[in-house]
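What follows is a set of notes on a single structure, which appears directly below.
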Amino acid sequence: FNLTSFTPATFILGGIPGMEKSHIWISIPFCSMYLVALLGNGVVLFVIRTERSLHQPMYLFLSMLAIADLMLSTTTVPKMLALFWFSAGEISFGACLTQMFFLHFSFSAESVILLAMAFDRFVAICYPLRYTAVLTQSAVVKTGLVALVRSFCIIFPCIFLLKRLPFCGHNVIPHTYCEHMGVARLACADISINIFYGLAVPFAAIVVDFVLIVVSYVLILLALFRLPFRTARHKAFNTCGSHVCVILFFYIPAFFTVLTHRFGQEIPHHVHILLANLYVLIPPLLNTLVYGVRTQQIKKKVVK
């Protein structure tokens with residue numbers, strides 16, 4: 001008698017608990033933000049692809065960030081809108097695991113890309129004469145491969161951790177998309193391994209990325225204060241300002257979501273779900289706006 005055979009053919013996404021009657025109204029800003037994110041990231045990728053003057057490490061990393069943002073939002077938002085508009089909450093077990101994988105994969109990859117962008121700014125400001133020797137095309141490609149391989153190695157075990165669990169008839173996920181712990185909580189078995197791996201391993205990797213980013217910016221600030229001319233300091237601050245904004249948009253909601261899940265038991269469940277939905281929409285939306293407005297090279301090319 002094999003308990004692992006109790007795997008449901010489909011799961012049912014429940015949407016935002018307690019706000020089912022407002023799904024249509026909630027879908028309007030969500031759809032608008034998603035379309036703007038698609039347009040903005042698409043324009044950034046097109047401009048960087050067509051303008052040879054932008055084939056530099058900083059902009060190549062930005063194009064990687066745009067791809068990760070598109071993956072993050074496109075993995076979840078279309079199914080979310082189908083649920084809101086047509087009550088199409090059914091999703092097969094395989095499709096649910098696929099959505100979960102690409103959601104967490106793109107999140108992890110984006111963290112590595114932000115770390116690479118911080119290193120790019122560190123070398124450009126602290127060691128400008130060695131910039132072209134350190135950040136070559138080969139180094140950029142290797143960084144992209146590291147982001148892919150690390151994210152795959154961290155997230156892929158989650159699929160096996162879920163496939164080994166028996167599901168005894170519980171197939172309603174009180175969420176708008178599939179994520180690791182949301183699916184694991186439906187199992188009728190011990191999920192302590194899922195809880196440990198799902199929180200400790202990816203969160204540790206993200207924290208390491210964040211600490212390294214902070215260290216790089218501490219070194220950048222120390223280098224900036226040693227610059228003799230105010231104009232040079234101002235120019236260097238401008239080059240880092242966009243990246244700092246993007247870092248804040250990415251990490252603050254992530255840490256806030258994790259902390260509220262861990263310590264915010266009094267926060268209503270629908271608030272958690274709304275925050276999770278906004279997290280896959282706001283960074284892809286704001287990242288392109290920040291770089292489009294603050295980066296003169298991209299702004300000029302878009303206007304042209």
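Glycine too: its Cβ is placed from the backbone N, Cα and C atoms.
Unlike curated entries, TrEMBL annotations are predicted automatically.
Taken from TrEMBL, the feature domain 'G-protein coupled receptors family 1 profile' applies to 40-291.
Among the features that TrEMBL reports, transmembrane segment is placed at 24-47 (among others). Counting same-chain residues at least six beyond the ends of the transmembrane segment (24-47), those with a Cβ under 8 angstroms from any Cβ of the stretch are 16, 54, 62-63, 66-67, 69-70, 73-74, 77, 80-81, 84-85, 277, 281-282, 284-285, 287-289, 291-292, 298, 301-302.
Summarising the annotation, TrEMBL assigns transmembrane segment to 59-77 (among others). Within the same chain, residues 30-31, 34, 37-38, 41-42, 44-45, 48-49, 99, 102-103, 105-107, 109-110, 113-114, 116-117, 120, 140, 143-144, 147, 176-177, 246, 277, 280-281, 283-284, 287-288, 291, 297-298 sit at least 6 positions outside the transmembrane segment (59-77) and bring their C-beta atoms closer than 8 Å to a C-beta of that stretch.
Beyond the transmembrane segment (143-162), the same-chain residues lying 6 or more positions past its ends with a Cβ under 8 Å from any Cβ of the stretch are 61, 64, 97, 100-101, 104-106, 108-109, 112-113, 116, 180, 183-184, 193-194, 197-198, 201-202, 205. Residues or ranges marked as transmembrane segment in TrEMBL: 143-162 (among others).
The transmembrane segment annotation in TrEMBL covers 206-225 (among others). Residues 108, 111-112, 114-115, 118-119, 121-122, 125-126, 233, 236-237, 240, 244, 247, 251, 254 of the same chain sit 6 or more residues outside the transmembrane segment (206-225) yet have a Cβ under 8 Å from a Cβ within it.
The transmembrane segment feature in TrEMBL is assigned to 237-259 (among others).
Summarising the annotation, TrEMBL assigns transmembrane segment to 271-291 (among others). Through the fold, the transmembrane segment (271-291) approaches residues 16-17, 30, 33-34, 36-37, 40-41, 43-44, 62, 65-66, 69-70, 72-73, 75-77, 80, 103, 110, 174-177, 179, 242, 245-246, 249-250, 253-254, 256-257, 260-261, 264, 298 of its own chain, all at least 6 residues removed from its boundaries and within a Cβ separation under 8 Å.
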Quiz prompt | Averaged pLDDT, computed only over the residues in the domain 'G-protein coupled receptors family 1 profile' (40-291) | solution = 88
Practice problem: Residue list, the transmembrane segment (237-259) vs rest of chain: Cβ under 8 Å, 6 or more residues beyond ends. | Solution: 65, 107, 110-111, 114, 117-118, 121, 124-125, 199, 203, 206, 210, 213, 217, 220, 224, 272, 275-276, 278-279, 282-283, 286-287, 290-291, 294-295
